[in-house]
Amino acid sequence: MKGASVPAVVGMPSPLFLWRFKAILFLLWGLCCCKIGWDSVMRMSADLRDLFLYEVFLYYNPLFLVALMIWLWGVNLWVFAQSSVNYVKVFDLAQTHLSHREIWRCATWLTLIVPTSMTAYLYLYSHGEVSLAASQPVLLYAILLIVLLSPFDMFYLSSRFYFLRTMLRIVLPLQAITFPDFFLADIFTSMSKVSTYLYEILIVDYFVYLITVGDTLTKMSLLDSTT
């Protein structure tokens, strides 16, 4: 007589194991980006290297600072939670506000996406694909803007719209100012250097566009004159 079969219980990995596994993948990806970026920079001539690194710094430094700010904001919320500070009431947040874990998740994604785009920029530029390399920062900023303004119920829709409404009240103070408005405006004031970098990015991209269009028109006129 056969004994009754007992169904096997498949245990899920512990949260600590998953956290360590994600941390290892995060570090490996960072090392890969560093290795590819370093090899790409070393391929360039010494004369162009300084100018090129300045352009990379100009394009990607603002997003690295934003990612660092999001990480530190998550740390602040974690400290508030550990100290039993009712920050939800202080900042007049909704019950669907993001916890420190969700904020760290957003910071993790941003920390992954920005170095990936920067590595692609370095690799493509060092291998002669200048037009594809120039499109990388443009695509990155466009994707982040689309995600922020997306009306679809994904990527924390309520929190994104709360952030956008607060920014609108800061830009157009046509109603009573609340503490979250004042607090976010103070953060933006502290990050004024990021706004300066973004302004420089727009200026550089505009002049690069003019130079590219001018070179294209010159080549077309030369071709027409030869024919």
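Each Cβ is built from the backbone N, Cα and C atoms, and glycine gets one as well.
Quick look at what TrEMBL annotates:
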- 21-38: transmembrane segment (TRANSMEM)
- 56-198: domain 'EXS' (DOMAIN)
- 58-81: transmembrane segment (TRANSMEM)
- 102-126: transmembrane segment (TRANSMEM)
- 138-158: transmembrane segment (TRANSMEM)
- 170-191: transmembrane segment (TRANSMEM)
- 197-217: transmembrane segment (TRANSMEM)
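Long-range contacts of the transmembrane segment (21-38) within the same chain: residues 13, 108, 112, 115-116, 118-119, 122-123, each at least 6 residues beyond the stretch ends and with a Cβ under 8 Å from a Cβ of the stretch. For the domain 'EXS' (56-198), the model gives a mean pLDDT of 85. Residues 87, 99-101, 103-104, 106-107, 110-111, 114, 117-118, 121, 137, 140, 144, 187, 191, 193-194, 197-198, 200-201, 204 of the same chain sit 6 or more residues outside the transmembrane segment (58-81) yet have a Cβ under 8 Å from a Cβ within it. Below 8 angstroms of C-beta separation, residues 26, 29-30, 33, 36-37, 40-41, 43-44, 52, 56, 59-60, 63-64, 66-67, 70-71, 73-74, 77, 132-133, 136-137, 139-140, 143, 156 of the same chain, each at least six residues beyond the ends of the transmembrane segment (102-126), sit close to that stretch. Shown for the domain 'EXS' (56-198): DSSP residue counts in helix, strand and coil, namely 112 helix, 0 strand, 31 coil.
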